[in-house]
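Undergrad: Quick one: the structure is below, questions incoming.
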Amino acid sequence: MYAYSHKNILDTLQFSKDDLNYLITKTNRMNALHESGKAFGILHGKLLASLFFEASTRTRMSFEAAMERLGGRLISTVGFQFSSISKGETLYDTMKMIEAYCDIAVIRHPVEGSSRIAAGAVNIPVINAGDGAGQHPTQALLDLYTIVSEKGKIDGLNIAFIGDLKYGRTIHSLINLLRHYPVHLYLISPEELRLPEKYKKNLEGFPMTWEETTDIKAIWDADVAYVTRIQEERFPDHREYEKLKDIYKVNKELVLASKKDTTILHPLPRVNELSTDVDDLPNAAYFRQAKYGVVVRMALLCLSLGVNFD
């Protein structure tokens, strides 16, 4: 009998295909409970620490909404300047204090690997909400759930990733999940922002196939197009960012030249890479994608806390 065993959610490499299929099933169940008004109270008496040491709108509010909709409560800190870390306190010590207050912690931090440090300090569950240019596992899980919800399947899809494949942690994370499925990827980026080799190595021995290109017209063959912004805050040289920031733009004309049902995704926020004239197309799914994020995180909070919701 299958048993899900992930208390902490730190990295997409921790998930097997069985885990992913189980999470999709459990999220469907959570969505049904939520829509029927029966999810509220499942986490009554539980307290979430929402620790965001790097800017966030969607992820922070999504987790906080998820906890509130389950009947739990939360305490939060936003930015280094509003925490004792600004006084020199280590992340380890901060987490030891959080453990005394809360049942579960969600953390976003600009340093890659920080979530592992946080999880290593405490016995409560820790969920990585983004660590620098590294991983963003819950975004990847909601992206996978969005693809299933919008397309009805994963197997056999052609999926295009467009933009910053070097620094885009949402791409790094989602590719690690998609490797378990027989899909084909178009990795569309300028040469300077190719997918790093360490992520390509993770794909070896899996049923996924992929190809790299600089040509945005590869989107025409895609069933799903995942657009990302160029990550300005990750560039060591701002001149390089200025050179690349507007290299791709997905607009209505490009989408209409693609397959009729190409699903357009974006983790948001967007800058110039995705035109607002796409918003009114029925296959523009990025706002639905954000909505799916709440029920996915509702399911993950319950599973990490070991709370049953069958």
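Placement of Cβ uses the backbone N, Cα and C atoms for every residue, glycine included.
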Undergrad: Which of these, Arg108, Arg116, Arg239, Arg288, does Swiss-Prot list as part of the carbamoyl phosphate site with Arg58, Thr59, His136, Gln139, Leu268, Pro269?
TA: Arg108
Undergrad: Would you mind checking how many other C-beta atoms are within 10 angstroms of the C-beta on Arg229 (L-aspartate binding site)?
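TA: For Arg229 (L-aspartate binding site), the count of other Cβ atoms within 10 Å is 18.
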Undergrad: If you count other Cβ atoms within 10 Å of each one's Cβ, which of the binding-site residues Arg58, Arg169 has the most?
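TA: Of the binding-site residues Arg58, Arg169, the highest Cβ count within 10 Å belongs to Arg169.
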Undergrad: Taking just the CA atoms, what is the gap between Arg108 (carbamoyl phosphate binding site) and Arg169 (L-aspartate binding site) in Å?
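TA: Here the two Cα atoms are 12 Å apart.
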Undergrad: Give the helix, strand or coil assignment DSSP yields for Arg58 (carbamoyl phosphate binding site).
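TA: Helix, per DSSP.
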Undergrad: Residues other than Arg58, Thr59, Arg108, His136, Gln139, Leu268, Pro269 within 8 Å, Cβ to Cβ centroid, of the carbamoyl phosphate site?
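TA: Other same-chain residues with Cβ inside the cutoff are Ser56, Thr57, Ser62, Ala129, Gly130, Thr170, Pro267.
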Undergrad: Rounded to a whole angstrom, what is the largest C-alpha distance between any two of the residues Arg58, Thr59, Arg108, His136, Gln139, Leu268, Pro269 that the record assigns to carbamoyl phosphate?
TA: 16
